[in-house]
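K.L.:
Straight out of Swiss-Prot:
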TRANSMEM  34-54  transmembrane segment
TRANSMEM  78-99  transmembrane segment
BINDING   His84, His183  heme b b562 binding site
BINDING   His98, His197  heme b b566 binding site
TRANSMEM  114-134  transmembrane segment
TRANSMEM  179-199  transmembrane segment
BINDING   His202  ubiquinone binding site
TRANSMEM  227-247  transmembrane segment
TRANSMEM  289-309  transmembrane segment
TRANSMEM  321-341  transmembrane segment
TRANSMEM  348-368  transmembrane segment
Amino acid sequence: MAMNIRKTHPLIKIVNNSLIDLPTPSNISIWWNFGSLLGLCLIIQILTGLFLAMHYTADISSAFSSVAHICRDVNYGWLIRNTHANGASMFFICVYLHIARGFYYGSYLYKETWNIGVIILVLLMATAFVGYVLPWGQMSFWGATVITNLLSALPYIGDMLVQWIWGGFSVDNATLTRFFTFHFLLPFVIVALTMVHLLFLHETGSNNPIGLDSNMDKIPFHPYYSYKDLLGFFMLLLLITFLALFMPNLLGDTENFIPANPLVTPPHIKPEWYFLFAYAILRSIPNKLGGVLALAFSIFILLLVPMLHTSKQQSLIFRPITQILFWLLVANTIILTWIGGQPVEQPFIIIGQIASITYFSFFLILFPLAGWWENKMLKL
């Protein structure tokens, strides 16, 4: 009897082993949907971005008007642009929930998968940042100026590095052109790294909510989780469609409706909402270099999480003290996001500084201590 083609064909069997016959823990919850949702977000962003790039002009004299042209004159251009802009927000919501899931259930102990994930996050942030510059509105221009200028804090090479990135002595046409190039290129690098992410994940198999070995009780991915993922797809598409059609400008900045003007500074320069927590940490430190290092460390601290794991248990499901700390960290990050969007004045300055200190304390001190304490309590 001939073998099934999906198990023998060199190309199809890769798909089969990844999406059809993949042995999956039988008890993974809705929190495990976000990986596939991120894949869907990436596909949506690449497709809508491709159509936008067909009509966009990467030149400072016509970038703003080309975006207006897309919205006014291109067939369904307004829908493509709104989907792309709000798709980015949904992408980051899914990313942060995906990271929070990995943190809560101890998935970071799969070190290769986790570390590749952190690299993907950094590239995603870079892609979103350069993409935000492309419409060439006020916040695009000043956001690019302020954030790239942070590199000048690096000793010796800083000023040279900033001018090299700008392609001149200020944010100008050369900057816009190269940012468009990077914005087009980086998503494909992210696709490649996603493949590596999945490769390492399938080496170990998925984690599960209780953090115990699930080899004795696994089920095929299809049909169980493929249909479960489809439900997530419909919910995500519904949310993106609702945002794009009913509230397209809800998460954007009104300053970006004004064409870029190097002679007029907006009253409050701030990035998109998904970077505000890191921006608040940057602003909390009066020293420029210190702020830049804190900004970088606020993301790269995720690489230290596997090394700082002190508990004998993988998941937080049976660790009440660490659970409380986890939700306090979530609340702390929300406070930082709020502070990042506020003007630099009291009481926001001191709240931001306290929230920044506690953010790092959770990772470096409180979680390791709680894990150690819970180990002691297990022996009682």
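Note: Cβ is positioned from N, Cα and C throughout, glycine not excepted.
Quick one: where do these features end up spatially?
P.N.:
Tertiary neighbourhood of the transmembrane segment (34-54): same-chain residues 70, 80-81, 83-84, 87-88, 90-91, 94-95, 97-98, 101, 183-184, 187-188, 190-191, 194, 229, 232-233, 236-237, 240, selected by CB-CB distance under 8 Å and a gap of 6+ residues from either end.
Taking Cβ pairs closer than 8 Å, the transmembrane segment (78-99) reaches residues 31, 34-35, 37-38, 41-42, 44-45, 48-49, 51-52, 67, 70-72, 117, 121, 124, 128, 131, 236, 239-241, 243-245, 248, 251-252, 272-274, 302 in its own chain, all 6 or more past its ends.
In three-state terms derived from DSSP, His183 (heme b b562 binding site) belongs to a helical segment. With a cut-off of 8 Å between CB atoms and residues at least 6 apart in sequence, the same chain places Gly49, Thr127, Val130, Gly131, Leu134 near His183 (heme b b562 binding site), listed in sequence order.
In sequence order, Phe34, Gly35, Leu38 are the residues near His98 (heme b b566 binding site), counting only same-chain partners six or more apart with C-beta under 8 A.
Tertiary neighbourhood of the transmembrane segment (179-199): same-chain residues 18, 38-39, 42, 45-46, 49, 53, 56, 58, 113, 116-117, 119-120, 123-124, 126-127, 130-131, 133-134, 144, selected by CB-CB distance under 8 Å and a gap of 6+ residues from either end.
In the three-state DSSP scheme, His202 (ubiquinone binding site) is classed as helix.
Within its own chain, the transmembrane segment (289-309) has Cβ neighbours under 8 Å at 99, 103, 106, 108-109, 111, 114-115, 118, 121-122, 125, 150-151, 153-155, 277-279, 281-283, 356, 359-360, 363-364, 367-368, 371, counting only residues six or more beyond its boundaries.
Distant neighbours of the transmembrane segment (321-341): 100, 103-104, 268, 270-271, 273, 275-281, 283, 311, 348, 351-352, 355-356, 358-359, 362, 366-367, 370-371, 373-374; these residues of the same chain sit at least 6 beyond its ends, with a Cβ under 8 Å from one of its Cβ atoms.
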K.L.:
Out of His84, His197, His202, which of these binding-site residues shows the lowest number of other CB atoms within 10 Å of its CB?
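P.N.:
So among His84, His197, His202, the binding-site residues given, the one with the fewest Cβ atoms within 10 Å is His202.
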K.L.:
Round to the nearest Å and give the CA-to-CA distance linking His84 (heme b b562 binding site) with His202 (ubiquinone binding site).
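P.N.:
Checking the Cα atoms of His84 (heme b b562 binding site) and His202 (ubiquinone binding site) gives a distance of 30 Å.
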